[in-house]
Every structure is written in C-alpha cells, then in structure tokens.
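K.L.:
Sharing a structure, written as structure tokens. Questions coming.
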Amino acid sequence: MTQPLEVTIHFEHVHYEKNSSFILKDVTGDFYKGKITTIVGPSGAGKTTVLKMCNGLISPTSGDIIIDGKNINEFSPTSLRQYVGIALQNAPLIRGTVYDNLALPMTLQNKLLSEKKAISTLEDVSLDMNILYRDVHNLSGGQKQKVSIARTLMNQPKILLLDEITSALDPTSTNEIEQLILSINRKYNVTIIWITHNLGQAKRVGDYTWVMMGGELVESGESSLLDHSTNKRIQQFVEGKA
Amino acid sequence: MTYTSLALTLAFVLIPLILSKTLKLGLEKDTIIATVRSVIQLFFVGYVLKFVFDSESFFYIILMVLLMITVATLNARKKGKNIKGITWKIAFTLIVIEIVTQGILIGFQIIPPTAQYIIPISGMLLGNSMVLSILFLNRFTAEIEANVEIIELILSLGGTPKQAIHNQLINAIKTSVIPTIESQKTIGLVQLPGMMSGQIIGGADPVQAVQFQLLILFGLLTTATLSSILIGFLSYPTLFNERMQFITHNLSQKNND
C-alpha cells in the first residue's frame with residue numbers, strides 16, 4: 001500500500017514584487033515530504049526566487065509559506081536556514097581548503113568540525129578523503145559542486161534546495177551528482193527541491209515537477225506531466241518553443 | 001609676504017596655462033577656475049579665522065568646527081548614498097573624532113583651548129577623516145558588490161549578517177587605513193609635511209615644528225582607524241533587514257530568475 005503524501009512546504013497565494021515588477025504571481029502549490037520535486041521553466045520564470053524564499057533569503061511581498069505546519073515567519077532566520085539547506089547555483093566556495101568550506105556551517109555556530117566527521121561527509125558525497133586539505137581553486141567543477149552539497153549537508157537539513165547544480169558540468173559529473181542526490185534522498189529521507197534546465201534530468205530524478213513560466217506556477221504534478229500535459233504553454237516549452 | 005610678492009607667484013599659474021595652450025591640453029579653463037576659487041576660498045577663510053581669533057569666543061570656535069563637519073559630511077556622503085542614513089552616520093563619526101581628539105589634546109593640556117590651535121588641528125584631522133571615509137565607503141561598496149554570492153552563501157547556511165559581511169568589512173577597514181600608516185613610515189624622508197614646512201617658513205623653530213607635526217601624525221592614526229571602523233560598523237546593519245536578508249537592490253541588480 002502506498003503511503004499518503006505529506007506536505008512539507010506549502011505556498012499559499014505567494015506574490016513577490018521587486019522594482020515595481022512581479023517576479024512571482026499568485027503561486028499556490030505543495031512540496032512533499034521525502035520526495036524529489038524538480039522545478040523547470042524558462043529563464044525569468046521565478047524558479048530561484050521560490051528556492052530563496054524556502055531558505056528565507058527573501059520573503060514574499062504577500063501570501064504565506066508554511067513549512068511543516070508552521071508559518072515561515074515563525075522560524076528564526078538562522079534555524080530556518082539550517083532546517084532548509086540550499087546549494088546555490090555556481091557552487092560559491094570560500095577561499096581556503098575543502099576542510100575550511102566543510103567547516104563553515106559549524107564555524108558560524110562557533111563549533112569545530114572534527115577531521116573524522118569531515119572525512120565521513122566527503123565519503124557521503126563520493127569524494128576522496130585526500131582532497132580534504134586541497135585548495136578549492138584546484139578542484140574540478142564536479143568536485144566543487146560536491147563540496148558545496150556536502151557543506152550544505154553539514155547542517156543536517158530536513159529539506160535540501162538545489163539550484164541548477166549540474167548546469168555547468170559534463171555528462172559524467174552530472175550523472176554522478178544525480179546518483180549522489182538520489183542516494184542522499186533515500187539515505188536521510190531528505191525532501192529535495194531541484195531547479196533544472198534539463199527536462200530529461202527533471203524526469204529522471206523527479207518524483208514531482210513544478211512547471212513555472214513568467215512568475216506563475218503553470219502546472220504541478222508527477223514528473224510524467226512533462227510528457228502528457230494538455231497545457232499548450234507546457235507542450236511548447238517541452239518542445240523547446242517557449 | 002607682500003601682496004606684490006603674492007601676485008608674482010601667479011607665474012606658477014601662467015606656466016601651466018601656456019603649456020596647456022601650446023600642447024592643446026584643454027586645461028586652461030579648469031586651471032583658471034581652480035586658481036580663482038582657491039584665492040577667494042582661502043582669503044575668505046583667512047578673514048573668518050582672523051575674526052574668530054580676534055573675538056576669542058568659544059561660540060565661534062564651535063561654529064567653525066560644526067561648519068567643517070557639515071562640509072566634510074556632505075562631501076563624503078556622495079560615496080555612500082546607497083547606504084541608508086549615511087549622512088548622519090558620517091556626521092556622528094566626525095563628531096566622535098572631534099570629541100576624542102580634542103578631548104585628549106585639551107584634556108591633557110597638550111594644546112591650549114584657543115581658536116589658534118583648535119581650528120587648524122580640527123581642520124587637518126577632520127579633513128583626513130573625510131578622505132578616509134570616502135576611501136572606506138568606496139572600498140566597502142566594491143567589496144560587497146564583488147562578494148554578493150559569498151555573503152548570500154553565509155546567510156543561507158545560517159550565518160548572521162555580521163558573520164556574512166565580516167570579511168568585506170575588515171578588508172575595507174584595512175584598505176582605507178593602510179595608506180595612512182604607510183605614508184607615516186616615509187614621512188620626512190621624501191617630503192616635508194605641509195604644516196611643518198609652513199611653520200618653518202613662518203619662522204618657527206624646526207624642532208618645535210616637528211613636535212606639532214608629530215602631534216598631527218599621531219592624531220591622524222586615530223582618525224583613520226576610528227572613522228573607517230565607526231562608519232563600517234554603523235553602516236553594515238542597514239544592508240540587512242530584520243529577517244537577516246541581504247538587501248542587494250541598492251548595490252547591484254541581480255538576476256531574479
């Protein structure tokens with residue numbers, strides 16, 4: 001018997017306006033606990049805005065975001081950001097070694113990261129322990145992205161937000177990262193929201209998909225909707241005409 | 001110096017004018033404007049100072065210092081116009097610097113509390129503080145613009161605004177203070193400082209002139225450090241809101257996909 005879906009993040013009529021133009025228009029939708037939801041849509045659709053809102057980096061102009069039954073504003077900003085981790089586009093790393101980057105979330109809480117824990121985290125993201133003290137400038141794109149994901153995982157988030165984490169990677173590294181995220185999802189039952197430009201990837205890794213266009217949530221549902229949508233705009237987008 | 005002698009020094013203005021004209025540098029108009037402005041401004045200040053010195057009134061001393069603070073604030077704020085309330089932050093910083101420096105100088109009876117000492121020393125220290133504030137604000141804005149991603153990253157991992165902006169703040173403070181420290185290392189070896197030269201030309205004992213110059217140099221160290229630290233720590237909270245969100249829209253236009 002399949003378990004009923006549990007909503008972990010709910011968007012209720014969320015609007016976001018910046019410099020007098022709407023970035024998000026009346027977005028209402030759900031992300032489900034323990035599932036991977038991919039967000040697809042053309043540039044300027046408001047995808048990153050949705051992710052940054054879940055992590056509390058920006059707030060809606062109007063509307064509500066409910067996380068595990070609690071309004072997002074009831075969380076303190078720091079505890080929300082530890083609960084909902086985000087791996088940002090381009091995998092920004094601080095200057096220094098891989099260890100310095102992995103230790104960053106702990107340093108921010110005035111804690112120390114043990115070498116043992118750092119190594120086990122590297123293993124979690126399929127990185128060799130020998131790179132622990134390597135300067136981050138000497139890492140490949142795929143390694144940088146894995147370090148960025150590992151760093152986000154240091155806070156043990158219940159929800160993991162991924163912003164186009166494979167857009168700059170070659171097919172082999174992309175495949176490695178996909179497998180890594182799937183294993184993190186299974187191993188820790190982490191809810192994952194993953195923005196991707198790659199529709200094949202959205203279908204491969206996603207249980208559910210949000211299709212966003214021009215700041216609106218056009219359709220959401222199981223990822224197979226990308227193949228069977230009756231919505232003309234989505235059909236055009238899937239065919240590469242939007 | 002007689003007015004005839006002063007008129008003869010205009011030869012120093014004629015030389016660049018002739019060269020500019022000959023080489024078609026196009027600097028004649030600006031050179032003339034600069035010359036006329038400096039003559040009018042300095043004579044005006046000279047007569048105002050003479051009036052204040054003669055009056056021996058503390059009220060006029062305070063008025064002069066307030067005028068200096070106002071002009072310095074209006075000049076420096078242009079570089080930080082994206083930071084909310086920057087005018088008052090700069091004004092507050094300059095007032096603190098004035099109180100601290102004059103407090104030490106007068107409190108320890110290093111100088112007598114007269115216009116002849118307070119006004120020129122205030123002018124030098126506040127002027128330096130204004131330049132330092134401009135340097136700091138330039139550097140701070142540039143540091144933030146170049147590191148928006150890292151600032152956002154630290155916030156996204158649960159860091160506080162202070163943690164998120166710490167490196168940019170420290171870099172900007174160091175960058176704006178270092179020139180003051182460096183210039184003091186070679187002072188006297190490359191060029192004689194303006195105030196000391198003026199005193200020596202005016203007939204003062206060179207050792208006495210050095211003593212006053214050292215007073216100013218030590219004061220500059222305090223003003224340089226205090227002004228960038230005060231403006232920095234007063235400014236950075238305005239870049240974040242109560243939800244610890246980085247307000248980027250004043251500094252850069254980021255993609256909002």
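Each residue, glycine too, has its Cβ placed from N, Cα and C.
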K.L.:
Out of B:33-53, B:117-137, let me know the one TrEMBL marks transmembrane segment.
P.N.:
B:117-137
K.L.:
Looking at the stretches B:57-76, B:88-111, B:117-137, which one shares the most CB pairs under 8 Å with the transmembrane segment (B:214-236)?
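P.N.:
Counting Cβ pairs under 8 Å, the winner is B:117-137.
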K.L.:
Taking a Cβ cut-off under 8 Å, which residues six or more beyond the ends of the transmembrane segment (B:57-76) line up next to it in the same chain?
P.N.:
48-49, 51, 87, 90-91, 94-95, 98, 113, 115, 118-119, 122-123, 126-127, 129-130, 133-134, 137
